[in-house]
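Accompanying notes for the structure given below.
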Amino acid sequence: MAQRLSSAQSEYLRQHEDNPVDWWPWGREAFAEAAHRDVPVFVSIGYAACHWCHVMAHESFEDDAVAAFLNERFVSIKVDREEHPDVDDTYMAATQAMTGQGGWPMSIFALPDGRVFHAGTYFPPRRAGQVPSFTEVLQAVHEAWIQRREQVQEQAATIAGALGKQRHRQAQMATVVHTDDDNAPAPALSQEAMAGLTEQILEALIADEDTVYGGFGSAPKFPPSPVLTWLLEQSAWELREGGTAIDRAGGMAIHTMEAMARSALFDHVEGGFARYATDQAWQLPHFEKMLSDNAQLLGAYARLSRHPAASVDVRARAERVARMTLAWLGERMLTAQGLLASSLDADTVDAEGHRSEGSTYLFSDEQLRQAAADAALPQSHAQRLTELNRGVPADEHALRSGVPLNMTEATPRTVHFDEPMTGADREIWEAVLPQLRRIRAARAQPSRDEKVVAAWNAQAVRSLAEAAMIWDDPEVLTFAEQLGEKLWTVHTQSHADGVQVHRTSYGGARGERLGTLADHAHVANACFSLASALTGTGREHSWAERAHGVLTRTLTCAVVRHEKDEAFTLADSFEDSEAPGQSGRQLASPVDGPEPSSVAALAQALQSASALQQPPAQIDTADILHHVPLVGPQAPLAVGGSLLAARRAAVGSPAFRLLSATAAELAEVRRVGALLGIPVEPMGEGVVVGADQSLALSVCLSGPGGGVCLAPAHTVSAALSGIS
C-alpha cells in the first residue's frame, strides 16, 4: 500500500500516514483513481488539533477491517481543512444542508467527480442509539452505489445544484442592492441609517445574551470575537459622543469578556484561550488552542484594557489576560522562522502512547495544595486556593447530562473561577503560579501544528499593532513589525498587478497554493495597522504601500463581473477546484463564524484605503456591505466583522492627519485611533514631532466626491468634535 501521506507537509495528514487506510491527499489524481476503479470517494476532513478527529482515527481508521473495506470499495482522501479552506467550506455546506449540523471530523461520500451524495461528521465504531456505526454507513453507501447507482447520481446532482444556488444567493447578499416589500431599493448605510440599524442589532444581541454566564446562546459556546470587537468600538464611539459609561454595547462586551477571562476557556497558568466551551458556564473547554481565536482575542482584551466604559479593575484584568496571551504566543507558538504556528492539540500523548484530552492543563485539589506548600504558603492560603477553583473534570458527557461528577481531592479538574479575583486572592494565585507552571512543564505536552497560515498570522500582526498603540509599548510594536516582516517575506509574491499572498508555509518555505480572499484581505489589514502604529518612524509609508499592493491584486482576483449586467460577486478562492465536478471558484459568503468572513475582512481593508484617501477604483466599501441590514437584525453574531467596516464608513471613514505633536501627543493620537477604528495617515514632509511642538491634528473624511480635511485642532477631543 502506498504511503502517500508520509511526504505531506501537513501535520494532520502525517498523523494518518501509518493508518491501514490507503489514503490519498486532495488532488486530481485521487479523483482520477476513483473514476478508473468506478468507486465512490470517501473524503475525511479535519485538522491537527481536533480531539474528535483523533477519536475517529483511533476507533475506525486504525482498524484493519474498516481499512480493508474502505480500500476495496472506495478511494479515501484525507484533507487538512486549514490547507484547503475552500474544500472544507464546500463540503461543510453540504453536511449542514443534509444533516442540520456540522463539525469535524467531517465524513463525505462523493461521486468520482467530487459531488457529494452523503455526508456526516463523527461516526462511532458501534451504533449509539439512532447514530449508525461507521461500518454500517460504509456498507449502506456501498450497497447504494452498487444497487441504486442512478439514484445516487441524481442525489448528487440535486445537492450540487441546490448548494450552488444557495452559495450564489449568499454571495449576492453582500454585493446586490436589496429591495423592500414595495420593491424600493434599501437605503445606503448613511450615518442615520446606521444608527437605526445599530439599535436593532443591539436589541437582538440583548435578547440572545446569556445574562448569567456571559456570551450568547447556549452550549457549546464559542468566543464571539468579531462581534465583541464591534461592541467595544461602538461603545467607545458612543462615549466619545457623550454617552453614559454604562452603555449597552460596552456592557455586553464587558460581561462576556469578564466571564471568559475567569473561566476555564482561558488558560490561567500560561495564557491563551481554548477554542470553545462544551458547557454553558464555560467550565469545560475543548482544549485545542487555535491561533485564529487568540489573535482576535488579544486585540479585544487590549482594547478593553484602556476602554472608557471599563472600570479600573476591569481594565487591569483585561490587560493581564492580553499580556498573558501575548506571552503565550511568543513562548509557545513562535516557530524557528519567526512566524506563528496554527494550533496546539486538544489531546496529549503520554510516554506510553495513551492519548487524553486536556490532561496537560488539569489540576486536582491535592496538586493545588502541594503547589501552595512548595511556594511556602500557609495552609490557609492553600485552602483558599481550592475554594477559589470551581473547575470540573474533563467529562463532557457527565457535565452535559447532569450526572453527578463525584469529585475527590485527587480528581484532576479544569481551572475556573466563578468571580473575578481581587486583592489577597490575586496575591495567592500569583504566588503559586511559578509552581503550577513547573508542574505543568514536567507533564507531556500537546503537539503543535507547525503550519503557518497567512490569514491567522496577519490577524495576530494587526492585534499586536493595535495593542502597541493602545499601550504605547515599543516592545509589542517591535514584535508586531518583526512578525509582519517575516509574513511578508515568506508569504507574499510580487505580481504584475500588485502582490499576491500564499496560504501556508512550512519551515519558512512558501506553499504553492494561493491564499484565499481572507488571506489577502487580512494581510492588507495587517499592513494598514502597522502603518498607523509606525507613524512618525519613517517606516509607515512602506507598510501603507504594501497594503495597497495586496489590495489591488485582491480585487483583480476576487471581483467576478457578470456579463449580463453590472452586478458582481466576490470569489473566496483564487484557483479552480481540483474536483472535476466542482468547476469554477468558490464564491465568498459574507457570514461570520469564529473569524470575520472574508467579505468583512475585505470591507475593512477597503474602508482603511478610503480613510487614507486612496480608495480602489474597482469597488467601494459600501458595495459589499448590502448584507448588513439584511442579516444583522436577525443574526447579529453573523455580521460583527462587517459592522466594523459599516460603522466606520457611515461616519465618513475618518483618518487622523498629524501636522505637529510631542511624542506623548502622538502616542495619544494612536491610542484613541486604535480604540475608535481611526487610522493615522503616514506623515507628510515637514511634520515635526518633538518636545517643543504643540499638537495640530486634523480629521480627514472620505466620500463619493473625494476627501475633505477639517480644520486642525489642538486636542484630540476637539479634532473629533468635527465629526458629526
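First residue shown is number 1, and so on along the chain.
Just so you know, glycine gets a Cβ as well, placed from its N, Cα and C.
What TrEMBL lists as domain 'Spermatogenesis-associated protein 20-like TRX' is 3-163.
With a cut-off of 8 Å between Cβ atoms, the residues of this chain six or more beyond the region 'Disordered' (573-594) that come close are 26-28, 31, 85-87, 89-90, 110-115, 156, 160, 167-168, 170-171, 173-174, 222-223, 225-227, 275-276, 292-293, 500, 513-517, 520, 557-558, 560, 600, 602, 624, 627, 631, 635, 637-642. According to TrEMBL, the feature region 'Disordered' maps to 573-594.
Here the domain 'Spermatogenesis-associated protein 20-like TRX' (3-163) has a mean pLDDT of 95 out of 100. Helix, strand and coil counts from DSSP across the region 'Disordered' (573-594) read 0 helix, 1 strand, 21 coil.
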